[in-house]
Amino acid sequence: MDSLNQTRVTEFVFLGLTDNRVLEMLFFMAFSAIYMLTLSGNILIIIATVFTPSLHTPMYFFLSNLSFIDICHSSVTVPKMLEGLLLERKTISFDNCITQLFFLHLFACAEIFLLIIVAYDRYVAICTPLHYPNVMNMRVCIQLVFALWLGGTVHSLGQTFLTIRLPYCGPNIIDSYFCDVPLVIKLACTDTYLTGILIVTNSGTISLSCFLAVVTSYMVILVSLRKHSAEGRQKALSTCSAHFMVVALFFGPCIFIYTRPDTSFSIDKVVSVFYTVVTPLLNPFIYTLRNEEVKSAMKQLRQRQVFFTKSYT
């Protein structure tokens, strides 16, 4: 409580992506379009999964949860970034900064755990297909999703606690477009080396260990594909390569940023764009929208809408 009582900073000022007004307007238009595509693409997947019985499978249950997480994850940072691109002075209150930081880590950690679950789902489906219905039943799926949200909440509470326990009484300039633990604790009026080590132990270890676990699972899948038919091999390779692309795009920036205590590079802002803006956009296209089952479901939904419209005209 003493640390909190010593807090003097009431707001933080973002430097944003650039100080060039022309570039800011271009970025605003580009990121606005990306955000709209992110929302629409992920919402379409959720709707298709809910209203199409053929998609009521564990994999699409997890992917619809991924779409929900991507909507939330991008909504934590992108709207504030767009506001900053329009305004000359880019500020955020201390409380809102901590709130943004909490939800950023909640949704990011939930996505990390969900990507592990998706990898495990593919491992069971491809390597032990006969046991798949028993291993990945709906009860297990719901328990896994509950566990990932619980794990994400615990992680985020830990990161938030490490941040707010420090006194902030001096500089308030954040060289980014959003609040994150490594960026905020550098502004604390005390030595943060130990806190930085704890952050690496928390975020860095989670990112790196989970990435290695996912890579290992896909390597096991690739080895087991030798036992499958050529058609089955091709389908599994297509699915796994798409999944691994998302894993690399998301885990790469996280590992780059969260495994370095007390160090930062000018490229960090660009790297952050990948996992806060780009990955939530690409996930629906890489995972599902190019999938024939999802395309068929989308077509059925359009036909239902056409029938609904015609019946009232």
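Glycine residues also receive a Cβ, built from the backbone N, Cα and C atoms like all the rest.
Taken from Swiss-Prot, the feature Cu cation binding site covers HIS105, CYS109, ARG260. Secondary structure at HIS105 (Cu cation binding site), as computed by DSSP, is helix. Long-range Cβ proximity for HIS105 (Cu cation binding site), meaning a same-chain Cβ under 8 A and a gap of 6 or more residues, is found for GLY152, HIS155, SER156, GLN159, THR160, VAL181, SER203.
Other Cβ atoms within 10 Å of the Cβ of CYS179 (disulfide bond) number 24 in total over all chains. The feature disulfide bond is assigned by Swiss-Prot to CYS97-CYS179, with sequence analysis given as support.
Taken from Swiss-Prot, the feature N-linked glycosylation site covers ASN5.
The topological domain 'Extracellular' feature in Swiss-Prot is assigned to 1-25 (among others); the stated evidence is sequence analysis.
Residue counts for the topological domain 'Cytoplasmic' (50-57) under DSSP, split into helix (H, G, I), strand (E, B) and coil, are 5 helix, 0 strand, 3 coil. Residues annotated as topological domain 'Cytoplasmic' in Swiss-Prot: 50-57 (among others).
Swiss-Prot lists 80-100 (among others) with the feature topological domain 'Extracellular', giving sequence analysis as the kind of evidence. The average pLDDT the prediction assigns to the topological domain 'Extracellular' (80-100) is 92.
Same-chain neighbours of the topological domain 'Cytoplasmic' (121-139): 58-59, 61-62, 217-218, 220-221, 224-225, 228, 236, 239-240, 243, counting only residues six or more beyond its ends whose CB sits under 8 Å from a CB of the stretch. Under the heading topological domain 'Cytoplasmic', Swiss-Prot lists 121-139 (among others), citing sequence analysis as support.
Summarising the annotation, Swiss-Prot assigns topological domain 'Extracellular' to 159-195 (among others) and lists sequence analysis as the type of evidence. Packing against the topological domain 'Extracellular' (159-195) from elsewhere in the chain are residues 3-4, 6-9, 11-17, 76-77, 80-81, 84, 90, 92, 94, 97-98, 100-102, 104-105, 202-203, 257-258, 260-262, 264, 268-269, 272, 276: each is 6 or more residues past its ends and has a CB under 8 Å from a CB in it.
Under the heading topological domain 'Cytoplasmic', Swiss-Prot lists 220-235 (among others), citing sequence analysis as support.
Look at Swiss-Prot and you will find 259-269 (among others) tagged as topological domain 'Extracellular'.
The topological domain 'Cytoplasmic' feature in Swiss-Prot is assigned to 290-313 (among others); the stated evidence is sequence analysis.
The list of residues near the transmembrane segment (26-49) in space but at least 6 beyond its ends in sequence, with Cβ under 8 angstroms from a Cβ of it, reads 17-18, 55-56, 60-61, 63-64, 67-68, 70-71, 74, 78-79, 81-82, 85-86, 277-278, 280-281, 283-285, 288-289, 294, 297-298, 301. Residues annotated as transmembrane segment in Swiss-Prot, with sequence analysis given as evidence: 26-49 (among others).
According to Swiss-Prot, the transmembrane segment annotation covers 58-79 (among others).
The transmembrane segment annotation in Swiss-Prot covers 101-120 (among others), and the record cites sequence analysis as its basis. If one looks beyond the transmembrane segment (101-120) by at least 6 residues along the same chain, the residues whose Cβ comes under 8 Å of a Cβ in the stretch are 59, 62-63, 65-66, 69-70, 72-73, 76-77, 144-145, 147-149, 151-153, 155-157, 159-160, 163, 178-181, 184, 203, 206-207, 210, 213-214, 217-218, 243, 246-247, 250-251, 254, 275-276.
Note on the transmembrane segment (140-158): residues 58, 61-62, 65, 102-103, 105-110, 113-114, 117, 202-203, 206 of its chain, located 6 or more positions outside it, place their CB under 8 angstroms from a CB of the stretch. Per Swiss-Prot, the feature transmembrane segment maps to 140-158 (among others).
The annotation transmembrane segment is assigned in Swiss-Prot to 196-219 (among others) on the grounds of sequence analysis.
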For CYS179 (disulfide bond), what is the secondary structure by DSSP, using just helix, strand and coil?
coil
ARG260 (Cu cation binding site) and CYS97 (disulfide bond), Cα-Cα, nearest whole angstrom:
22
Long-range environment of the topological domain 'Extracellular' (80-100) - Cβ separation under 8 angstroms, sequence gap at least 6:
7, 9-17, 24-25, 27-28, 31-32, 35, 160, 163-164, 168, 177-179, 184, 277
Going by DSSP, is ARG260 (Cu cation binding site) sitting in a helix, a strand, or coil?
coil
Give me the CA-CA distance between CYS109 (Cu cation binding site) and CYS179 (disulfide bond), in Å, as a whole number.
16
